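Below you'll find the structure, written out as structure tokens, and then a few comments.
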Amino acid sequence: MSVRGRVAPSQTPSRIPGTVLAYLALTKPRVIELLLVTAIPAMLLAQRGTVNPLLIVNTLIGGMLAAGGANALNCVADADIDKVMKRTARRPLARAAVPTRNALVFGLVLTAGSFLWLWWTTNLLSGLLALATIAFYVFIYTLLLKRRTSQNVVWGGAAGCMPVMIGWSAVTGTIQWPALVMFAIIFFWTPPHTWALAMRYKDDYKAAGVPMLPAVATERQVTKQILVYTWLTVLATLALALATGWLYAAVAVVAGVWFLAMAHQLYAGVRAGEPVKPLRLFLQSNNYLAVVFCALAIDSAIGLPHLF
């Protein structure tokens, strides 16, 4: 047997995991975590108690397919700027690990699969909400807003709010006011979360020509808007207490004070001309959202009496 013949068999298995990981990376698994953190508590609140585990699993599968499809299509649309930005230069399309056409087909298959799965296992409304979310994220945010306005993540962030709507509709078949309040919580939370990260990578956005707020505004202007949206986030979490028990309300107050303290600290540091660490707010904002929605899940699962 030739040397060539001996090497070839060992190369094939090593390529397969790399290809699988590249396609997995297209779905941005870290982003999908938001689905898990918010959809399950929304379902528990809608039921005010235990939800059929199979319904939860089916909703999460459909939601993950939808998020994966949207993210894959986003990678296709953003391949040119991903190559320029250091933070995204290792994404599959930026380093040519996946052909663009394959990534497009992959995203479309996941999109169709999410709609069909949710329609089949939950209800038509949930499937349509997933489809609308993907369309909004790809066409409105990625293609229309992202490269044109510094408020891109404000309006584009609406797509990230949809897991709570899908989770609620999967249980009830409708959309009611608590689902809209949960939508508002994530909607207001998204700008401070994203802008804190963008402050760290503003040079990347400038190089790519993306007018993310920190790339086109002063740090004082950015942190002022972060502060405004942080207050709106906390107020929205308190409004949700009208539909929950005392446990969620208590956690929302304590976590809200903590989140506000971090935002005020960042703003005060910028005003004073001191070195600031916006990445800390970015990381802790994840913890804040997780704590609030975990408290909501526990409060709802226990079925504590409403405060009001």
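Using the three backbone atoms N, Cα and C, a Cβ is placed for every residue, glycine included.
Features of the protein shown, as given by Swiss-Prot:
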{"type": "TRANSMEM", "residues": "31-51", "note": "transmembrane segment"}
{"type": "TRANSMEM", "residues": "53-73", "note": "transmembrane segment"}
{"type": "TRANSMEM", "residues": "102-122", "note": "transmembrane segment"}
{"type": "TRANSMEM", "residues": "124-144", "note": "transmembrane segment"}
{"type": "TRANSMEM", "residues": "149-169", "note": "transmembrane segment"}
{"type": "TRANSMEM", "residues": "170-190", "note": "transmembrane segment"}
{"type": "TRANSMEM", "residues": "240-260", "note": "transmembrane segment"}
{"type": "TRANSMEM", "residues": "288-308", "note": "transmembrane segment"}
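Within the chain, the transmembrane segment (288-308) has long-range Cβ neighbours (under 8 A, six or more residues past its boundaries) at 34, 37-38, 40-41, 44-45, 47-50, 185-186, 189, 193, 237, 240-249, 251-252, 255, 258-259. Contact counts against the transmembrane segment (31-51), taken as Cβ pairs under 8 Å, peak for 149-169 among the stretches 102-122, 124-144, 149-169, 170-190, 240-260. Remote same-chain partners of the transmembrane segment (124-144), defined as residues 6 or more beyond its termini with a Cβ less than 8 Å from a stretch Cβ, comprise 59, 62-63, 65-66, 69-70, 73-74, 77-78, 111, 114-118, 152, 155-156, 158-159, 162, 165-166, 169-170, 173-175.
Panel annotation: around the transmembrane segment (53-73), residues 26-28, 31-32, 35-36, 39-40, 43, 103-104, 106-111, 113-115, 117-118, 121-122, 126-127, 130-131, 133-134, 137-138, 142, 159, 163, 166-167, 170-171 of the same chain, lying at least six beyond its termini, place a Cβ under 8 Å from a Cβ of the stretch. For the transmembrane segment (149-169), the residues of the chain that approach it from at least six positions outside its boundaries are 34-35, 38-43, 45-46, 59, 62-63, 66-67, 70, 118, 122-123, 125-126, 129-130, 132-134, 136-137, 140-142, 175-176, 178-179, 182-184, 186-187, 190-191, 194-195, 210-213, 215-217, judged by C-beta separation under 8 angstroms. Listed by sequence, the residues of this chain that lie at least six past the ends of the transmembrane segment (240-260) yet keep a Cβ under 8 A from its Cβ atoms are 45, 177-178, 181-182, 185, 230-231, 233-234, 284-285, 288, 291-292, 295-296, 298-300, 302-308.
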